[in-house]
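Chemist: Heads up, here are the entries from Swiss-Prot:
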type: INTRAMEM; residues: 141-152; note: intramembrane segment
type: INTRAMEM; residues: 153-159; note: intramembrane segment
type: MOD_RES; residues: Ser18; note: phosphoserine
type: MOD_RES; residues: Ser25; note: phosphoserine
type: REGION; residues: 392-425; note: region 'Disordered'
type: MOTIF; residues: 154-159; note: motif 'Selectivity filter'
type: MOTIF; residues: 422-425; note: motif 'PDZ-binding'
type: TOPO_DOM; residues: 1-91; note: topological domain 'Cytoplasmic'
type: TOPO_DOM; residues: 117-140; note: topological domain 'Extracellular'
type: TOPO_DOM; residues: 160-168; note: topological domain 'Extracellular'
type: TOPO_DOM; residues: 191-425; note: topological domain 'Cytoplasmic'
type: TRANSMEM; residues: 92-116; note: transmembrane segment
type: TRANSMEM; residues: 169-190; note: transmembrane segment
Amino acid sequence: MTMAKLTESMTNVLEGDSMDQDVESPVAIHQPKLPKQARDDLPRHISRDRTKRKIQRYVRKDGKCNVHHGNVRETYRYLTDIFTTLVDLKWRFNLLIFVMVYTVTWLFFGMIWWLIAYIRGDMDHIEDPSWTPCVTNLNGFVSAFLFSIETETTIGYGYRVITDKCPEGIILLLIQSVLGSIVNAFMVGCMFVKISQPKKRAETLVFSTHAVISMRDGKLCLMFRVGDLRNSHIVEASIRAKLIKSKQTSEGEFIPLNQSDINVGYYTGDDRLFLVSPLIISHEINQQSPFWEISKAQLPKEELEIVVILEGIVEATGMTCQARSSYITSEILWGYRFTPVLTMEDGFYEVDYNSFHETYETSTPSLSAKELAELANRAEVPLSWSVSSKLNQHAELETEEEEKNPEELTERNGDVANLENESKV
C-alpha cells in the first residue's frame, strides 16, 4: 500500500509539473507556414478542411476596378496635372474646392482693398466731404470685401466706385479682373468637363449577369450578352475581352493576374457591333482559346476572371464611352443558352429586357473542347451531337452515291430481283 501511494503521489506531482510547465512556458510551438504556391500544391488529404475561398475580383460587376494604389511617393505628379486631378475628384470635394477658391480670392483682394484704404488714410476721413478716397463709400473690411466681389463678378451696383486719384487702386483693379477671368475659366471648365463626362452613359450599357458555355454550329462557345437601354445609340461600338488569371512560366516565374486576350471576332470583324438591340457575343473555344482544355468538371476549380470591355462614341456628345463588367467561374454556366428577347410586332421589333439575364438549359457535352476534337478526329466524323443530324448526313451521302452511279444501282436492283425469283422457285 505504501509503494502504491508513493507511486500515485509521484505520478500526480509529475502531471502537475507538466501542466504548470505547459501554462507558464512562454515558448509556443507553431507549425511552419509554407508559401502560397506550396500550400496550393499540397494533396487534398493533408490539407486543412476549410471553406471554399472566394475569388477576389479584379473588376467589379459595375465596371469599377478593384485596385488601390498604395505607397505612392511621387505625389507631386498629381499637381502637375491639376486639371485632371480636380476632374477625377468626387463631387463633394469638387464643389468644396469650387466654393473655397472663389471665397479665398474674394477675401484676398478684399484685404488688399482695405489695406490700400487704410494706408492712404481713407478710414480717418470718412465724414470729410473734401477728401477724395481711393474707393468711395469704403468704410471698413466688410465694404472692401463686398467691393472685391462686385469687381471680380462684374456686378457693378454703382454705390462703391474707384476714383482716378488712386493709381495703385487702378493697377489692383486690372490684376483682379485678369485673375478673376482665369479663375472663372479654370473652375467653370472643370465643372463643365465633370458634368459632361460619359461615365453616366455607361450606366445604360448592360451586360448579362452570367456567361454561358454551349454548342453553337457544332462548336463549343463561350457567350455573354450586351445591350443598350437608350434610344440614342453608341457609334462605332466595339467589344473585347480579357482573361485575368495568374500563371507560372516554365522558368518558375510567377505572374499574378496575367492578362491574355479572348478572341470575340477580331479577325472576322464580329467585334464591331451595331448595338441597336441586345447582342450575344460569342467566343469559339478552339486551340488558341484559353478554355481549350477546361471541361465542365474542371471549370469550378479554376481561379480566373473574364473582363469584358465595350467601347464606343456617344451619339449625342461625340465623346468616347467605355463600359466594363466581369465574370468569375461561379458566374459561367455550362450547358445553358440565353433566352431570346427580340420579338417582331406590328411594324416594329420589341425588346423584352425582363428576359435579358434569363437562361435555359440545353444539351451540351461536359467534355473540354480539346477532348471533343480528339473524339471527332478518332471517329473521323464532324463534331455533332445530334443523332438525327447523323442519320440525315448518312442519308445525304447515300443519295449522292446514287446520283453519281445510277447504272450500278440498276444492276444491283436487277440482281436482287433475280435472287428473289430463284428463291421462290
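From the backbone N, Cα and C atoms, a Cβ is placed for every residue, glycine too.
Could you tell me the structural context for the features on the list?
Modeler: Predicted-model confidence for the motif 'Selectivity filter' (154-159) is 83, expressed as mean pLDDT.
Sequence-distant contacts of the topological domain 'Extracellular' (160-168) (same chain, at least 6 residues past either end, Cβ-Cβ under 8 Å): 116, 120, 132-138, 143, 146-147, 150.
Here the transmembrane segment (92-116) has long-range neighbours at 86, 134-135, 138, 140-141, 144-149, 151-152, 166, 168-169, 172, 176, 179-180, 183, 187, 190-191, 194, meaning same-chain residues at least 6 beyond its ends whose C-beta is under 8 angstroms from one of its own.
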Chemist: Looking only at residues six or more beyond either end of the topological domain 'Extracellular' (117-140), which have a C-beta under 8 A from one in the stretch?
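Modeler: Same-chain contacts beyond the flanks: 147, 159-163, 165-166, 168-169.
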